[in-house]
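Below is one structure, written out as structure tokens; the observations come after it.
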């Protein structure tokens, strides 16, 4: 290796790490020597010794045991001598093993198998017993399949016909059909009711006798009809299992075997006793409408109550299920949904007899006192049976939660300060000074509070125990009596609830009383003392009616205005709030008005009020002065009728039973009204006649209490089966907003179904009798008559049967289909099918009278059907053979015409009564057997065999001494049934061959005196006829040769001697002509070639010069590795010892490429790139001590594979490939090139020679080779060449028209242009020949001394592909024509040239799949074939970057998919993956590169698949046992599937990728036809035509060239690319870092803006009733999502904040509050209040202002305080007050 190459490789080691990082894969050597499956390979299988085999004896018993030999036979393998179309390895250079492997023979009928005998023969033996006598025509007709395997190519198969005629015997027991027979009968059926037919058949066609042992039922012995013998008990069994026995009568073997055996079979049948679902489940223990209570302390899973339901129906009709209504039914039409069911669950217990018990348990823990706690629930219970139809009942249940006194009172403040102004109170003794307030989370009496002073001897003051107001003791005369010196007075107050046991506040309140005894007025005082404790009521709908008006009550004497006076000039604020912390109330204050020192305000309602949620409100009124002026107001809501009655579920289905009479209660419905007071919440019911069905009012009645009843007798068959009622629930007072005094209403849907009682028999719709005509050949299982049966009982159960007339049970009558699945049916409709289940015989029974019946468990209907049989052709012809013979046997002399063979006349009889008309044919499955001279003469249903000239051949290579074939006899003039008879013709030898030499090659060594060689003469005549030895052989010429040996020779072996000494330098080849005569004087003259053998001598060697031209396909660079490129040439007189007489070493290479010259052949282990190479090779001849140098000029060129597709072919006669390129012979290739350029008017040097190959011509190995001159004269050579810008068809047409010019002008004999390899090629049955051009992996080298040409191994193959696929393109373009010289069709395709390249039928051959993604094209499945044998190929190139995706899928577009042999090719991890249904092949040693064309091909023969990717080949096998080639729903998908995740992709879960790929696909070739890629059924983002350069970056790329003087190895470019990639990565990372740093700095400027307040309120407005679904606005305190730090930085830190001076757009902020509220409301599906209709939480305590404490603990919290009191702190705090009390918006703040 030269130094520069060493340096490059050293650098490559240092780059190895980076090389692995970027995942570049080195090129690996792959398999290139797998032979082509199609190219000149015969698919003929091994040779059977007979075409047809028959059984011995002629009639074979069906009772033969397993293993009985039917016949024996022989099979011989195919060899090179029996396959004349096969191309020798020596010609093709393919490593194809000619030695046949194992021969396997199988039977196509599983009843028989093939065994191998010890002598190598085979035997067909039975594999089952008994055989089926009623196989078609009482025989078995099937194939033997012989398969010959090979080590390196797919197996081949052949077939022979087997005909086995049967004789019957009683060998089968009766079989029940079906095996498990069931019947149904009503529990009310009468004695004698016939209700079913038991079916049994006998494969021998015996009669059957039935019997059973049962007291309850009986069976008719001849018909199998079942009958009820006893009535059922009052509680019968649900089913009966009865054993039925079927016995045959043995008539099948009579009268031949009088002692015929008998067989019986017993089977258990099941008889179901049906029951009617008469009763709906009933709730027990008066639980419906009851009230159940439990304490809040109950744990999860606590037992609330026990539910019992009763149903005494039988079986499933009495099986009860207790449950809550479904989620869907719990949502009413108004949208309200009861969510209480999630808090409870029903635990079912095992059903005991007729009663099902269940326990209602809690599903969560409960806290009565929790804010918004639900304390009352209405649950709806359903009880359903499992009958048909299913019946149900319902029940309403109220559940109350009971409170425990588990919370002590808590003061709202722990320190209370109050100043008494003497001037304000005067000397009053009844003054109220201060109200102390505590709260208690408990409810009822547990939540009522008493107040006590806990300090002893407190002067002057006491406390009102109920209200908590500090007042003067009764002993104190008045305020003037107070002693100022006693003040301030401090004392403790404690609170105690009224629960049992009572609880005391844990922290006391400290009260500090001050006294101002001067005349100073208080800072503030009320205009009316009542303002301290207002207590009045307002209407519930005050907000809706008096919005923005202050609350008032004229009866109470309060007009809504609150006055107070201040003593100072300070501004004033009056606030309205709850005394309880963090509590929101629906009230607010009016803006304060002022008149001097007098101020006025009032209380307004801020939102709708609901007495159902909270009926009493305690309000604090505060004037914000120091000290503040405080008053309290108690507002009680007056309930108004604003709630509608509500049903807990939307609808329900109940049932009534037909034929019942009298008044009957169906159900009682219950609704609830959420209003508080009577009569607003009093609910009554009435029937809504407008919404109900028109038939409802007269027959259904609704009482005011919700009871639904009827007194009507229903009949399903004559009346409706379903009635829809609407019941209106209405409350007891006019609705609050009613204009006509109408109450609130709600409608409930009630569906009542009528339960069927089976009282009407089924009806045969067709008629009462039917006559039917059928063929006697109708196959078992065939339906011959369909009858429609209806029954007005729509849910009936029908059994079908035959009452009489079913002789030998050859018919059955069963249910085929019905409408039970149709839920909208109004009556039952079914189809019964009369089927043939046994063999029919016109001879035995020409007609049947059948009585069919249908039974609906209670009633029977019948119909008479007469079946008339039509006589058919059921007996095939029977050959009349001589006794003791199994075939027709003849003898004829070879090569002799005989008009009628001497032997038996061929005759077959037809036993059918129809007039006989038999046609005879010659049949053979041996493709090598030449029967063209045989003919039949037919007359009067007889035939004779004749042989036309030249007669039958007997001698090798194409003759046989025995010809075995078959005669086929077909009745009905050749259109009926066929039989086969073997025929054997023994050919008697005629002495028509003379002795010929048969042991080539013959070599005489140079330099030896009188050299000799052995020569063997053979005569192919029959030696047993004395037509061969002894031989007499004489030499005709030349005289320099003599034969050594006896004149009369008995073994044919001679020694051929040359008289003198031969010199190879002057003469290399000689010819010798013989005359050989056999024992009978028949002579043959033969000329053979004799080769002068070289002898290694001491002659010196001298320097030589050689040119080597290499052409290969882009992407096939592996094919040149370690491939012989040509011999090393030096001048040497000894030309046979290049490898053994010399040694070689490569001295130098002009560009560093590594070459080897081992054995004198130049090769390279590395890829060989295009360019020029000068190679110096030193050669040494040790025997002569001589050394010379061979200078080799190597020119390497690569071409696109498209060149091969468009290349033309010229066939030359009289030239070998070597003689064309050898310059010592005149450089005939240059002459040919000149001729082509001239005739085609092509420019100089424009013709590119791609391949030069020999054309194989068969010559039997039994004959000696031709003399060399004759062989060359007959030799054919194909030259394949490409001319740019010229059409292949135009080239070949032009050449064909000018073939004579080659010889006349250029001395070259051109015999054909564009030869069609299918011309004269015979394919096996089932295949058709299609010419296909393929590129083989290994190149095609031609070597001479001074030049070598290594061309593309182009194969023009005659592919025998499956004949079911033969796409024919017709009328695609005007002007299409078929060339007479090669029978190939081409079209001008003028209008499509813009889409070129094109196929011969104007197929557009390319399609681009765009880089935008989602590209695909879908084609009809008829445009492609993967039915073996087939060849398929295509080219593709990938748009960078390479991504996983699907290139091709050929398969079904609907289920099922795996009954079709589907194919897929996909890209996975930069590799190709093939999938052949169950077989996956991953090509792991080829890493795909972008913008590179790849040629993919697979060949599928039998179950073997050969896959080629450029020059790499792989083999695999596939399971073809499920092949189904119905292509009606098969499609070819290219480039991907229509939608990722679509239905199609879902059908193929084994596919790794269904994404589309970007790139181009071209030249899709299937079965020899190109796909027209311009005609997809569906496509997207893909375009037909030439592939776009922008897509593949390859269209304008010229073949890679290198400067011959300075070729840079590939790894140098790799190193440069890696360095540039590394630099680019570093620069990109630096830029990204800078950009990100800048963005972060900019974002941080807005990350921490000024604080803003969140005014979202946690608004919970629930009371002591069930909160079915509440507006839970508490979720609004949290954002929709939590922003991460990255998101805050990305949005400048301003997401969701006011604009603080930024003007750029914020693109990722939290959604608007309103949008978020809407979203959350939609998620919750709520109603704005609870749904309790009964609990009314009354005012708690007489005179108490503590409000409804059950409401206190139910009110909502707020997140913020009212900061308006800051205004009272003076001007210094006004700015703060503006900020927090809402006086200034953020925009003002920004401006400030």
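Glycine residues also receive a Cβ, built from the backbone N, Cα and C atoms like all the rest.
What TrEMBL annotates here:
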- 1560-1587: disulfide bond (DISULFID)
- 112-176: domain 'Cadherin' (DOMAIN)
- 177-283: domain 'Cadherin' (DOMAIN)
- 296-411: domain 'Cadherin' (DOMAIN)
- 433-525: domain 'Cadherin' (DOMAIN)
- 648-764: domain 'Cadherin' (DOMAIN)
- 766-879: domain 'Cadherin' (DOMAIN)
- 884-997: domain 'Cadherin' (DOMAIN)
- 1406-1587: domain 'Laminin G' (DOMAIN)
- 1-27: signal peptide (SIGNAL)
- 1610-1632: transmembrane segment (TRANSMEM)
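Candidate disulfide-bonded residues: 1560, 1587. Fewest other C-beta atoms within 10 angstroms, 1587. In this chain, the domain 'Cadherin' (884-997) lies out of contact with the domain 'Cadherin' (177-283); the count of Cβ pairs under 8 Å, excluding pairs fewer than 6 apart in sequence, is fewer than 3.
Where the domain 'Cadherin' (112-176) meets the stretches 296-411, 433-525, 648-764, 884-997, 1406-1587, the count of C-beta pairs under 8 angstroms peaks at 884-997. Between the domain 'Cadherin' (648-764) and the stretches 296-411, 433-525, 1406-1587, Cβ pairs under 8 Å are most numerous for 296-411. Summarising model confidence by region, the domain 'Cadherin' (433-525) averages a pLDDT of 90. For the domain 'Cadherin' (884-997), residue counts in helix, strand and coil come to 3 helix, 50 strand, 61 coil, using DSSP. Here the domain 'Cadherin' (296-411) is broken down by DSSP into helix, strand and coil counts: 8 helix, 51 strand, 57 coil.
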